Ligand SMILES: Nc1ncnc2c1ncn2[C@@H]1O[C@H](COP(=O)(O)OP(=O)(O)OP(=O)(O)O)[C@@H](O)[C@H]1O
């Protein structure tokens, strides 16, 4: 069907508005120019009047009469003199014009001496990189002039560069990561350490823009973010790449901050997330923040490989199906989650085939959050038991249409231990804490366009959603409220977000929700048609390879096919909670 064009008034509204605004601005500028003398005189008269008032107020009360008499006498004499009033008005205007003149010192035209010196040394440092022996008209030469090479620059109050546009010769290999990194490193070192720089390479125009970035706010506490269902705030970033802002409260203060919003669910292109970082970088905090947001609309299963009780505050809360920190419990919960994913998928598929909407019990989001699953991989290998990560294959592959989301957090040096399925299907990525450019690139699939910080605050890092841009990220402070070192405000913010305790007093090892929340559709047996559907179910055969792994999706698909064949024999029934509890205890 042909698309009907928007009414002209709607489609051109933005252009009209911009043009009107431009016209208004030009008119205001012209009016200011024309009326400038008048404005100066009025300002001067105001200053003279207030000086007179001040003088009167400073005069002791008993002398005010004499002063007023003196002024009145002068006025009278002036009025009686020939041309007196005219001369008085001219004198007054001249005095007002003098008083009303702009007293702010005129901004110096061009850089001062120390700024010139800085630009000159920057230029000299760039000469070896941007010059070539065969260049007939070199832009960069020893003893050359920096004016042509740096068309725009800005300095802060301390004389350090905050913004710089530099032109470089077209033959410079700006498409190569190494060449870029060399220049970026040099510019960051010469412009002043301890700050973060953003580099924007304009390969068409042969220009590089260097911008000093303001630090991201580290004081944003966990709170109920204004988001739609299916949206999760990973943290906050710069306004340059994100247009949207979220209204936040910070004590009494209200402010708007640009968020990194991750969309999950049926239409998500990055349905699962992987977060990595050094120990203590804040990945558990990120998971806690995601869990608190997920619990607003869905159910959560938590696997805690850290074993330090980071998620104890969530145990027994409404919507928290399980908080597992033992190998047996983890395996049972993940097996249940895999079965639940298949159950949802089959139920939704049957509904599609019957021409019905998807059943309600397939719509409530289910979140599987795993903190350091590699710890269980080691345990399982030592025990000769099945790696719990293998149970994530179905939720990762089929989770999106079944409203099942997997979030994995692990340490940078344990990423090798993550299964291929985890690495291939987690297209939303986060790196937190200190990390080299290579480490960031290995996790995100692209290097950051900013320089690393000397001191990285907790919860600071980078995020990338699919093949999108790399964002700087600051995770909201969502500490473990049972941690003694937590500040009272941040603890209270987390406690306020916790769902109510569920009616039954659950213990850690009881995945209670399978019985309570997940509607039991009876023992669903997978028919040959269902098995065929699961086998064929569309997943990206070649996901974007964001990591350095070179395994292909074929392995996963083959393993899935074998899995599907095995699972075909088993009834697709949620794992009974009690059985899980017994085993894990
Ligand atoms: N976004 C944040 N804002 C403020 N403080 C944070 C943030 N993230 C983490 N922290 C603080 O940093 C410390 C470590 O955080 P966290 O436990 O989340 O790190 P981790 O990466 O999970 O470390 P580990 O793997 O050792 O448990 C905690 O004291 C926490 O309060």
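Keep in mind that glycine also has a Cβ here, set from the backbone N, Cα and C atoms.
TrEMBL: automatically predicted annotations, no manual curation.
Per TrEMBL, these features apply:
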- 67-98: transmembrane segment (TRANSMEM)
- 257-441: domain 'FtsK' (DOMAIN)
- 277, 278, 279, 280, 281, 282, 283, 284: ATP binding site (BINDING)
- 499-585: region 'Disordered' (REGION)
- 507-519: compositional bias 'Basic and acidic residues' (COMPBIAS)
- 527-544: compositional bias 'Basic and acidic residues' (COMPBIAS)
- 547-564: compositional bias 'Low complexity' (COMPBIAS)
- 575-585: compositional bias 'Low complexity' (COMPBIAS)
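Cβ environment of residue 281 (ATP binding site): 432, 433, 434, 456, 458, 459, 461 lie under 8 Å away, each six or more residues apart in the same chain. Highest local Cβ density among the binding-site residues 279, 280, 282 belongs to 282, counted as other Cβ atoms within 10 Å over all protein chains shown. Around the Cβ of residue 283 (ATP binding site), the same chain contributes 275, 276, 277, 371, 409, 410, 411, 430, 432, each under 8 angstroms and 6 or more positions distant in sequence. In sequence order, 306, 310, 311, 371, 409, 480 constitute the residues six or more apart from residue 284 (ATP binding site) in its chain with CB-CB distances below 8 Å. In sequence order, 411, 412, 433, 434, 435 are the residues near residue 278 (ATP binding site), counting only same-chain partners six or more apart with C-beta under 8 A. In the three-state DSSP classification, residue 283 (ATP binding site) falls within a helix.
Apart from the site residues 277, 278, 279, 280, 281, 282, 283, 284, the chain places the Cβ of 411, 432, 433, 458 no farther than 8 Å from the centroid of the site's Cβ atoms, the recorded ATP location.
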